[in-house]
Amino acid sequence: MKITAIRFLNLNSLKGTHEIRFDQFPLDQAGIFAITGPTGAGKTTLLDAITVALYGRVHRHQKDAFEIMTRHTAESYAEVEFEVQQVLYRSRWSVRRARGKADGQLQTPKMEVAEVESGKIIAEHPLQEVKDIIVKICGLDYSQFLRAVILSQGDFTRFLKADENDRSELLEKITDTGIYSEISIAAFEKARTERVKLEQLQQQLSYVNLLSAESRAEYTTALEHTLKQEIQHKKALNSTRIQLEWLNQLDKLTLRQKEQFNLLEQAKERLKINEPDFVRLKKHEGALRHKPSLMVLQSVSTQLSAMEQELDQSALNLPALNQEQAALSEILVRKSEELVVLQTEQSRLEPIIEEVFKLDTAIGHALKQSDLSAAGFNQILSERNNLQLQAEQITAQLEDIKAAAEQIKEWLQANQADQGLDQALGICKQLQDQLSKNQHQITSLEQRRSDQQKELQEQQNAASALQSGLQDLAGGEQELIGGLNKMQANLTNLIADFSIEQREEELRKLPLIIELVGQQVKLAASILKNEEEAVQLEVLQNGYEKQVSELHRRSQDAEKETSKAQELLESLQAIYELEVKVQEFEPARQLLQAEQPCPLCGSLDHPFVNGHYIGKVSDALSRRNQQQEQTNRFRQQHSAIGLELNTRQLELKNTATQLLNCKNTLAANLQEFQEINLRLPKPLDYKRISIIEAVSRKKQQEQQEQASELAQIRVQQQEIKAQELLIVQHKEQYTITQNKLAQTNLKIKYLTDREEECSKELKQSRIQLDEYLQGIQALVKPFGLSADTASAGELIPKMEERLQYFTRKGQEYQQIQQKLGQLESTALHTASVLLEKNRNLELANDQMINDKLSLDKLRSGRVALFGQGDPVAEREKARNTLKSYQQEYEEFQTSVRAKQDALRLLEDRTANLKKTAGALKDNYQKQTAAFLTILAEDDIDSVAALESLFLSEEEASGLQHLIRDIQQQISNMEGMLRATQEELELEKAKELTAHDKQVIIPQLQQQEESLIQILEEKFKVNRILSDDDEMKAKHASVVLQMEHQTSETERFAKLSSLIGSADGKRFSRFAQGLTLARLTALANRHLLRLSDRYQILKTPERDLDLQIIDSYQADVVRPMTTLSGGESFLVSLSLALGLSDLASKKVQINSLFIDEGFGTLDAETLDIAITALENLQANGKSIGIISHVEALKERINTQIRLTKMPGGSSRISITSGGRI
């Protein structure tokens, strides 16, 4: 993997867009380059840009990646191009704020990875998918990338100097091998957990008690004998129950027979009471056959009355119509004269309007020309005014610029000496750099001495604390032993008179009793509910039986009503058909002539000629349709009653089924209740459900109390074991504390020596600081500046600012001179243009006056001809008036004609009505006489007498329903009484017993009690045997679990003995030793290229100890603490390169960065370090070094420089050989 370019926007102090190309000159040929700049300039931000672009994380800390976004900016991104197996990829990370504003809410970061050559985006969201693609392409995850690309030789330098415990923590951090500590702790905890599980199983096995073979055989024999007795008693009990049910059925049938006989007598009495009404109904039904003839006669009488009324009205209307007709004719003549006048006025107005149209067109053209002339004049006037204002502004600007130029010229002459700042600034920067490095070194030394003093104090405090801890541990052991004795005494008090086994046996029995009592509660509630439901269902069944009987009667009545309505419908249909046939003879009737025979019947008498006959088809149709609707209603009622009858029969059947099921359920629940009672210590009564619930609550409370006591005993046992373990750990801690105290005393002596050396170096650095400061003061004195230690850092910016200001003033003077010449030229041009505009303005004014005079002349002529009126509106008004009057005249003329037609029609209608009414009156008299003759045959003397026989439809229908109901009820009761009598005789024929209920009921109770005793004995034996079966199964299960758990416990105990420990150090040290051995082998390959003198040796006896082999001194083995600064750097660098190889596995890494380790090297050591880094170039690696060391900058020509700018931002420049 090789990084070829990085691009980013607004990261930390590097505000704006920046790009660094490692594949272009000079970085592509440098091999090794330096990243330099003052503290806070953003050197390490370049590494942040790489890691955030690839993995979305910042390598220096774990905070959110968007924290590296430059303050007060709206967006930021980082982009890296890298090459893997000759394929160039680009990875990008970006974040922005809402609405593109610097104060907007931060949005979710985005990432994408793409191929550079094709531009194809491989992945862009979600973030985790992009990160996974990066790992797949590079072959490195985030932690592997940090160890492989960013060398950690500084961590290895601290590793070489640390003691064994600190060395373990450092190596775990460097190599990311903390997982081995977690594995060691997990193995230890797993072994302990499996051991506890085995102990629990052993304890469970001790609680299992099994029956002996002899006892089980005795219980089995007793169960078989009890089962035989149960079968015999159940058979006898069933026979007795059948006899009692037979006796109950006989009583029910006898009672039903009596009730049905009473109902039959009541129905016959109702029939006798209503006999007079039934006679009236019979006469009504006999008179119905005369009703069609009566309806025809009534229809003829109605037509005759209507004709006579119409004749009277016509006689009144004829005189008024004659007078109205004469008045309308006079009005029509006057309207014709007015129409001629309007047409003459319209012909006179047309020529005048045409002339006005021509004048208005000419005025429009003249007005448009006048507006154009005025607009041209105003435009020229506006341009002239603008030019005049512009000339005045230019003159004012000339005066201002001349004054500013004179002022700048005077300032440049007064500050001529600042031209020498350019040369002095270069020298001052060199001295300032030396001064800054010296100050940094003093600060570093002071910090180091402070750290050493602080660490020394901490070690001294730690030694005191350890000494005090030893004393506390000695006294604490006695307290722990005393606490153990108290816990053992408390456990003895808790156990008291009952052993743990007895308590557990009692607790084991309670759940079964609680469960059985809970079942009894549910069964008692169900039994009470079933008894209530059975009573309700019996009442409901009786109600349904009565409803079915009533519906049978209503169905038969409805059927009879439907038949009668159908007969009447057929009679009305016949009348309707007769009326239709009579109406069909209308064309032939029109051919009849007075005193001439009829062509159909030959009669000379024609009563229905010339409109004397009025058809009755519509009345017959109406009566037929009404009866059709009545018949349909009867049919619907019959169907509805039938549907309701079927529904009630189905409900009766369902109710009977539900009642049977309810009784079966009740019997089953009672039996189950009694069976469970046999398994309880004391039987319960289902009718007293509150007592059963109280028993359940009491047993549950006993279970909780006993479980609580047993749990307290077990907790006390666990606490005793924990206390014993704590005493053992306490003794181990005492030994560990003694060892730590000895190591701390050795460290105190080492820190004291290092603090004295640091004080000497600090004194020498302060002397050099004073020399650099004196040189700076002598250099800046000619410019009126001064410097001291505190303000030396501000001197260079002040000098640069003064030099920049002087240069800027010179440039500003030149720009003003150029602008002055341009303004003078512009002033001359503006004056000439202004003169031309004034001449054009005079010509435009003359043209505007002439156009105004022409417009006024045309307007005067138009007013004289037509005034200010609108010709179009006047013409339209005249035309509309004429058209409206013409339309009104025509409508009035039509109205007059209509009145004349109405008068003629009324006269004709009056003549026809007089003829028709006379003929219809004769016909009515003849039909009345014939109808009375027919009525006399039935002893009816008049039409009024016939009408008195008719009943209303409601009364007739009610009587018909009543007689049908009574007759149906009598028929039903007779049938039901016969059926009950037959059923009673059949039941008596069975003769199941000769005893009565007083004998059968006590016998049944005695049999039930005997059966309950047998069932109690059966359940008792069954319970003992089932409990024993459960215990056997539990015993076998626990034994099987113990075998498996024993294997698991031994397996994990062996694993814990090999790698497990409570603190995780056992396996961690072993794994770190293997890692260090592999790391040492890889590091020696790089150390051989850096120097052929040394080889790193891992001490065989100690896992984390390293030594050095010096081949220049006969391969002598030396401790790492004997290495000089330069030698330590070579060893730590080779270890860092080895870690890079170890982390990258099979991935070749060609881009490396070093971000630490050079600040404390002396000149000789630094020379060795640079030589070693230059040797790495032979392997084709590109190495970037971040450093403040001046000698390093001088040795490395190619540099990426970061310079602080005003406002807190920085800029980037790339130099090679001193050139940018």
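Yeah, the Cβs are placed from backbone N, Cα and C, and that goes for glycine too.
Ranges compared are 963-990, 991-1018, 1047-1074, and TrEMBL records coiled coil for 963-990. As annotated in TrEMBL, coiled coil covers the listed stretch 377-404 rather than the other ranges in 349-376, 377-404, 1161-1188. Looking at the stretches 241-268, 297-324, 465-492, 689-716, the one that TrEMBL records under the feature coiled coil is 297-324.
Long-range contacts of the coiled coil (963-990) within the same chain, counting only residues at least 6 positions beyond its ends with a Cβ under 8 Å from a Cβ of the stretch, are 246, 249-250, 253-254, 256-257, 260-261, 263-264, 267-268, 270-271, 274, 278, 281, 549, 552-554, 556-557, 560-561. Nonlocal intrachain contacts for the coiled coil (541-575), taken as residues 6+ away from its ends with a CB within less than 8 angstroms of a stretch CB, comprise 288, 292, 295, 620, 623-624, 627-628, 630-631, 634-635, 637-638, 641-642, 644-645, 648-649, 651-652, 655-656, 659, 957, 960-961, 964-965, 968-969, 972, 976. Note on the coiled coil (428-462): mean pLDDT across this stretch is 75.
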